[in-house]
Amino acid sequence: MEPPPAKRTLLVCEQNQPSAREPRSRPLDSFFIDSKFPWEEELHVGCVEWRRPQEICAEPKFILDGATRMDVCQGKLSNCWFLSAVACLSLYPQLLEKVVLPGQDFVGDYDGKFRFQFWQYGQWVLIEVDDRLPTVHIQRNEEPAHRREEYELLFMHSWEKDEFWSSLLEKAYAKLKGGYSALQLGFAGEALVDMTGGVAQTCYTNGPLDVLWVNLNHLLQRGALICCGNTGGELETANSLGILSQHMYSVTGTKQVQVLRGSVSLIRVRNPWGHTEWSGPWRDGGSEWLSVIDRKEIEVENLEDGEFWMEVEDFQKNFQVMEICHLSPESLSEIGGAARPWEYVTYEGCWSKDISSGGSIEYKDHFWMNPQYSLNLVTGDINPNITCSIIVSVMLKHKRLKAKDMRVMCYIFQEILQQSQPMLSVSSCDKHREAVLSSNLPPGRYVIIPSLERTSDEGEFLIRILTEKGSCARPMDSKAACGELAAQNASPTDEQCKSRFLLFADQDRRITDEGLHHLLTSMMKDFDPLLPGFTMESSRCLLASLDTSAEGSLCWEQFDKLWKNIITGSFIFSNLQRDKDRNLDKDQIGPALQSAGLITDDFLVRLVQLRYADKDGSLSYSAFICCLLKIKAVTGMFQAADSTHSGTVSLNYHQWLQLAVYS
């Protein structure tokens, strides 16, 4: 079919599209060809030729003299949001190396394949791409005898023409999201989450200056990555003081200095591209520095290129919005420093029509069908006697890929649900996949309810709850009715669990099936003595579900994940039991799996009944936990292998054996 006239000149030249089946004559074409990359028919950038770096320059390098913000230059895609996030991340080499895997180059074992990692809904996913990049052919006005083929990269690139890590990173991210066109317009916070596993939040700088100052210091103490931007003016145009409009900067520190007139609150800001700097008060070399009583208080002379200080008042005037990424304890440990990590819990769930999708609070008769999580706040760090810090993130899975028009919501109630109005609520903005609620609450017990906007909406979600040390959050029955909540048994803290784990672990701090059996027997007696516990065979089944490397043992992190899944499954089992001395009835198997966050259909329920149910079709406690962990394990393996979300995966013989025999 002929394209519309307005688009005819924008189509990619079909003869230059890469194909895994196309016969090649040049040696470069014997290298890896990524047949799974979502090649698009229309990139709206002219005639595209896909070329390897060796065809673009004489001696390509993956990384040249370190990966820095100067390697992040925008091409013809409207994806400055992604570039801003990459430039911000380049300030923290340890975090960037988690994404841009080291040890790769165009020499040695080079085979045309490059590897990157991105965080997707609770796990790190490996993305492999070939190094063929979209280029345009450059026509030079030279004599035919001296003319040579030249190609220019279309999209993200480095200032150095022979450096390619940033171009290949962009290609890997495009593969993750569904193609280059999927990167048109987005949010820096989303990209930071995908590259750190953190929780993104958008805040505005308006309000009292003292509150802004306290919040910035609190965020930096927690190790948050902070980007700030000026929302007024035309794209990338500088105001009278050198601040660019619609351009993201990074907040890298704060300091109070003493001058003759008192103290001054300063904020350190960095322009990721380093082209322009602040020319207002407290600029580099400004006269204000002469009034500082003790210049040793601040590293005035050691600022990086593009980095500057400004007063908090000027910061508020010149930057209206902040994109904040709250890092997980894992990421904080990688960058080091004295940041105080959050207590961080993650749960998966789903909204299913007529079962667990109750819509927003406007649907009063259905709202309580939504999944629910109990929250116990016991201490605070801003003021231990008054408030506790909390951040709740609800992320709708695969929203960018599926482009679904669904709005995510989150509510926090006091535990007595007869108070029908939530204490706090938040709704995701249009096109955002995540709703983030951040506040300070008095110590006490609360209920968190994530929802979609309409009862007809369905989807999977990931909820992450960040609290201060000593506080805890856990799932409740997804169908708890409005009224007094059932009491939940208290589970051991992380410190108690780890101490108990080490008692049964070997000298390598790993636990085998026998040790796991004894450990679970001990912990279940304290957690809920009414539950029957696990046999030796059940313990082996549980171990295999988390032992992805087939070592026959679990480390602490793997056991911690196992125990949290057991807690979740135990609550679901106890809340759905019609008789506390009985199994789950056969009609409860589907709702139980859905309450655990699994997308369930008749086929899956039938398989569970055939493999795990008793003769009457009911499911025992240990059988339910084992099948739950088994399904989550194989689902996780499938999703990790299906990086393009095509619904199909490719496994070699040994991978298939491990999946079928040991999982």
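Note: Cβ is positioned from N, Cα and C throughout, glycine not excepted.
Taken verbatim from TrEMBL:
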ACT_SITE  CYS80  active site
ACT_SITE  HIS247  active site
ACT_SITE  ASN271  active site
DOMAIN    48-328  domain 'Calpain catalytic'
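Annotated features, which come from TrEMBL, shown on the structure.
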{"residue": "CYS80", "record": "active site", "CB count, 10 Å": "19"}
{"residue": "HIS247", "record": "active site", "CB count, 10 Å": "21"}
{"residue": "ASN271", "record": "active site", "CB count, 10 Å": "23"}
Secondary structure of CYS80 (active site) (DSSP, helix/strand/coil): helix
Assigned conformation of HIS247 (active site) - DSSP reduced to three states: coil
For ASN271 (active site), the three-state class that DSSP assigns: coil
